[in-house]
Amino acid sequence: MAAVELEWIPETLYNTAISAVVDNYIRSRRDIRSLPENIQFDVYYKLYQQGRLCQLGSEFCELEVFAKVLRALDKRHLLHHCFQALMDHGVKVASVLAYSFSRRCSYIAESDAAVKEKAIQVGFVLGGFLSDAGWYSDAEKVFLSCLQLCTLHDEMLHWFRAVECCVRLLHVRNGNCKYHLGEETFKLAQTYMDKLSKHGQQANRAALYGELCALLFAKSHYDEAYKWCVEAMKEITAGLPVKVVVDVLRQASKACVVKREFKKAEQLIKHAVYLARDHFGSKHPKYSDTLLDYGFYLLNVDNICQSVAIYQAALDIRQSVFGGKNIHVATAHEDLAYSSYVHQYSSGKFDNALFHAERAIGIITHILPEDHLLLASSKRVKALILEEIAIDCHNKETEQRLLQEAHDLHLSSLQLAKKAFGEFNVQTAKHYGNLGRLYQSMRKFKEAEEMHIKAIQIKEQLLGQEDYEVALSVGHLASLYNYDMNQYENAEKLYLRSIAIGKKLFGEGYSGLEYDYRGLIKLYNSIGNYEKVFEYHNVLSNWNRLRDRQYSVTDALEDVSSSPQSTEEVVQSFLMAQNVEGPSC
C-alpha cells in the first residue's frame, strides 16, 4: 500500500518515549524532575494534552519545578496554554507560586549576596511570566519580594536590580489599574538612578519613562504623557531590548494620537507593528499588543472599518495564546466591541459588538473584584450598545428594560471612574456625556442637558476648546436642543462648532460629520429655512462621495508588512520634528 494511503502517521520515537513516561507518571514522577528542562516540559505538556490537570497542577505549584520549566524559552506559548488551563480549572497556580517565592525571599534575608542574586533572577523570570500572562496581582507580589531583597544590600549591582524591579512593578501596577501606587514607584526608581549617577553609572531610562507615559495616559494627563514619551524616545539606543523599543514606540504613538499629532502617531505605530512581527513573529502576544494600539490609531483617524479588522486580528492572537478567562483576551474583546459599535452605528446591527462587550465583562467579573476599574470601560461600551438597541426596539417594555440596564451600567462606570480619577478627569467627563445621551433617550431632558454641560466644561478645561472629545459632547448637546428641546438657535451654534472642529482635525470626509449635517437639515426644516436645507443636502451628498473614496483600498495589515525606515531613523525623525516645533506643553 502506498504511504499516502496510510490512515495514521506513526509517532516519532521521541513522542513515543514521552507518552511512555506519562503513562508511568506516578512511578517516574521524581525521575522526570532530573530531565533537561525542554524534555521535562514536554512531559508536562503531554499531561495537559491528556487532560490530567490535577497532576499537572501539583507539579506547577512547586516553585523549583516551575522555575526550571520557565527556562524552556522556546516553549513559552505552550506554557501559556497549560497555565491558563490550570487557572480555568480552579488551580490557583499563579498565587501559589507568588506566595512560595515571597516566602522563600523571607527565608534567605540573612543569606549571602550570591543567594539573593540568584533568587532575584528567578523572581524576574517568574514575575515576567505572570505579568505576560496577565496575572498582575501575583506578579506584583513577586516583584515586591525582589525589591525587598535589593534593599538589603546598599551596593551598585543591587541599585541596578532595584531600578529594574521598579520598572516591572510600574508595568504590572499600570496593567492592574493601581495608578495611585504608580507615581511612588517611579520616584523610587529615580532615587536609585540618582545613586547610580553619583557613582558614574547610568541605567537606561527608556523603559521607565515609557511606563510613566502609560501611567499618565491612563490617568488622562495627556500633556504630561506626551512630554515623558519624548524623553523615552531620547533614551532609545542601539542594543536596547526590542521589547522595550516596541513598547516605547507604542506609548509614544498613543500619546501622539490624543494630542492629534496623527502623522507622528502613524509613523511610530506602523514601525512598532513591523518591528514586533519581524522580531517576535505574527503569533506572539507582543505583536497583538502593537495591533491593539494600531487599531486605536486607525479608530481615531476615522478608518473605522480597518480598525475593526485589526482589533479582530489582535483578539485572534490572544485567544490562540491565552484562551480561557484571561485579562488580555478580555481587553481585546472590549476594544473590538467598541470599534464594532462605532462601525455599525449607522446600520443599527449591534449583535457582534454586544457579543464582544458581554464576553469582556464576563471574563473580567470572573477573575477580578466587582469594583475593579477595568469594568468601568467594559460596562460603558455595553451600555452604549444597549441604548442603541433600545432606541430601535418597537416593544416599549423591552425598550424601558434595556434603557434601565444601560443606566445602571453607566452609573456603575461613573462611580468607578470618580473613585479612581476624581471629578476633574477626561474619563469622568466621558461618563457624564454618556449619561447625558442616555437621559435624552429616556426623555429626561433637563438631566441630559446638565450631564452634557458638565462633560463639556471638564473636557474644555483639560483638553482645550478644539479637541475631538469636546466636539463629541458639543454635538450631543446640539442634538438634545434640536430634537427634543426646540432650542434651535443654540443647537445651530453648537452644530457649526462641532463641524468646524471635526473638519479641522480629520478633514471633509470625517464620519462624525454625518450626524451634524443631518441635525442641521432637520433644524432648518423645523424653522422653515429651506435654502439652508437644500445647501446641507448638497453638503451631505458631497460628504457621501468623499466617504466612498476614503479608505476603499488600503489593507491596514498589508500597510505594515515592511518599514521604509530603520528604528534609528524613525526615532530621529520624531525627535527632529519635536525640536522644530518646540515643546508641546
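Our numbering is plain: 1 for the first residue shown, then up by one each step along the chain.
Placed from the backbone N, Cα and C atoms, the Cβ positions cover glycine too.
The following features are taken from Swiss-Prot:
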| type | residues | note |
| --- | --- | --- |
| REPEAT | 50-83 | repeat 'TPR 1' |
| REPEAT | 120-153 | repeat 'TPR 2' |
| REPEAT | 206-239 | repeat 'TPR 3' |
| REPEAT | 288-321 | repeat 'TPR 4' |
| REPEAT | 333-367 | repeat 'TPR 5' |
| REPEAT | 429-462 | repeat 'TPR 6' |
| REPEAT | 471-505 | repeat 'TPR 7' |
| REPEAT | 514-547 | repeat 'TPR 8' |
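Summarised by DSSP class, the composition of the repeat 'TPR 4' (288-321) is 31 helix, 0 strand, 3 coil.
Against the repeat 'TPR 5' (333-367), stretch 288-321 shows more Cβ pairs under 8 Å than any other of 120-153, 288-321, 471-505, 514-547. When Cβ-Cβ distances below 8 Å are used as the criterion, the repeat 'TPR 7' (471-505) is approached by residues 260, 429, 433, 436-437, 440, 443, 445, 448-449, 452-453, 455-456, 459, 512-513, 515-517, 519-520, 522-523, 526-527 of the same chain, each at least six residues removed from its ends. Counting Cβ pairs under 8 Å that are 6 or more residues apart, the repeat 'TPR 2' (120-153) and the repeat 'TPR 1' (50-83) reach 3 or more and are in contact. Look at the repeat 'TPR 7' (471-505): DSSP puts its residues at 31 helix, 0 strand, 4 coil.
Within its own chain, the repeat 'TPR 4' (288-321) is flanked in space by residues 77, 80-81, 246-247, 250, 253-254, 257, 262, 265-266, 269-270, 272-273, 275-277, 282, 328-329, 331-333, 335-336, 338-340, 342-343, 356, 468, 506, 509-512, 551, 554-557, 560, which lie at least six positions past its ends and keep a Cβ under 8 Å from the stretch.
Model confidence over the repeat 'TPR 5' (333-367) is summarised by a mean pLDDT of 93.
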